[in-house]
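As given in TrEMBL:
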ACT_SITE  Lys195  active site, schiff-base intermediate with substrate
ACT_SITE  Lys247  active site, schiff-base intermediate with substrate
BINDING   Arg205, Arg216  5-aminolevulinate 1 binding site
BINDING   Glu232  Mg(2+) binding site
BINDING   Ser273, Tyr312  5-aminolevulinate 2 binding site
Amino acid sequence: MPRVRPRRLRATPALRRAVSETRLHPSDLVLPIFVREGVDEPVAISSMPGVVQHTLDSVRGAVNEAAAAGIGGVMLFGVPEVRDAVGSGATDPDGILNLATRVVADEVGDALVVQTDLCLDEFTDHGHCGVLDAIGRVDNDATLERYREMALVQAASGSALLGLSGMMDGQVAAVREALDTSGFIDTAVLAYSAKYASAYYGPFREAVASTLQGDRRSYQLDPGNRREGLREAMIDIEEGADIVMVKPAGSYLDVLSDVAAASDVPVWAYQVSGEYAMIEAAAANGWIDRQRAVHESVVGIRRAGADTVLTYWATELAGWLNDGVVA
Ligand code: PBG
């Protein structure tokens with residue numbers, strides 16, 4: 001007869017609840033939101049069922065709903081009508097992302113942390129996260145100049161937390177310095193520190209209507225590299241990042257765990273478009289229990305060490321938490 005019986009603590013719902021190690025709370029969730037220029041109605045994103053490109057008007061409803069559900073914040077992405085080589089729309093105060101930031105900041109006040117994607121890929125015609133040099137390579141240091149400009153416009157538009165997702169070397173230090181020397185000392189920096197060159201960003205390309213020439217392997221991390229993910233996070237903390245992030249989440253839980261163990265700043269994770277699409281597709285086919293799979297996927301990311309999770313299910317999942325359907 002076994003002397004040690006771990007099953008004892010699993011016997012009833014009350015016992016299981018009492019010994020649960022990982023609980024979700026709405027404030028641990030951040031909703032990524034797309035806002036598209038030049039449309040009168042929200043546009044569905046076919047590879048992300050349930051997610052839309054918002055208009056400057058419909059985004060108000062989405063953020064009010066998010067605030068009512070008690071989530072932690074929203075991460076805004078702009079979908080511009082026109083793109084060029086240097087991503088001019090990104091630094092235009094009336095560019096779609098900056099306009100949307102003003103609308104959202106005005107709508108929700110302090111109820112949500114208003115965050116913005118600080119990267120050029122939504123705004124460049126070649127789809128890269130930076131500007132290109134004469135022979136078509138992404139030019140790191142010239143891109144840093146564009147990021148500095150973006151940071152100032154985003155901060156002035158009302159973004160409280162800048163999501164640096166471009167994976168250029170020195171981007172955190174460059175943006176921090178630009179913000180500080182222009183008086184934006186309280187605007188925080190979320191560094192997408194360990195951002196891998198991932199196939200899971202696929203549906204995001206449809207979401208921001210952008211096509212990429214080539215690939216991003218010269219600046220995003222190789223999916224096989226674990227130590228390098230930790231190194232990137234440590235560099236970003238050294239450069240002044242207020243929060244570091246691992247992305248994607250589900251396939252990089254070891255990296256997340258390493259970063260969480262070593263970091264003295266909050267650690268976030270981004271459950272990306274492809275992770276969303278896979279569960280939605282399986283659920284639509286009746287192959288998986290949607291609610292349980294969504295919940296479990298986010299619990300796993302929290303358990304691995306994320307303090308906060310960016311997820312397209314943020315508002316819906318917060319609703320389930322508030323209703324006590326999941327914990
Ligand atoms: C860069 C950025 C991307 C995502 C977030 N910020 C795209 C990329 O690097 O290819 C992807 C998010 C997702 O797939 O959900 N602007």
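Cβ coordinates come from backbone N, Cα and C, glycine included.
Locations of recorded TrEMBL features on the structure.
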residue: Lys195; record: active site, schiff-base intermediate with substrate; CB count, 10 Å: 27
residue: Arg205; record: 5-aminolevulinate 1 binding site; CB count, 10 Å: 15
residue: Arg216; record: 5-aminolevulinate 1 binding site; CB count, 10 Å: 20
residue: Glu232; record: Mg(2+) binding site; CB count, 10 Å: 23
residue: Lys247; record: active site, schiff-base intermediate with substrate; CB count, 10 Å: 26
residue: Ser273; record: 5-aminolevulinate 2 binding site; CB count, 10 Å: 25
residue: Tyr312; record: 5-aminolevulinate 2 binding site; CB count, 10 Å: 25
Residues among the recorded positions Arg205, Lys247, Ser273, Tyr312 that border ligand 1 - Cβ under 6 angstroms, in sequence order: Ser273
Recorded positions clustered about Lys195 (active site, schiff-base intermediate with substrate) [Cα within 10 Å; pool: Arg205, Glu232, Lys247, Ser273, Tyr312]: Glu232, Lys247
Tyr312 (5-aminolevulinate 2 binding site) to Lys247 (active site, schiff-base intermediate with substrate) - Cα separation in whole Å: 14
Within 10 angstroms of Ser273 (5-aminolevulinate 2 binding site), Cα basis - recorded positions out of Arg205, Arg216, Glu232, Lys247: Arg205
Inter-residue C-alpha distance, the residue listed as 'Mg(2+) binding site' and Arg205 (5-aminolevulinate 1 binding site) (nearest angstrom): 25
Alpha-carbon spacing, Arg216 (5-aminolevulinate 1 binding site) to Lys247 (active site, schiff-base intermediate with substrate), which is rounded to whole Å: 14
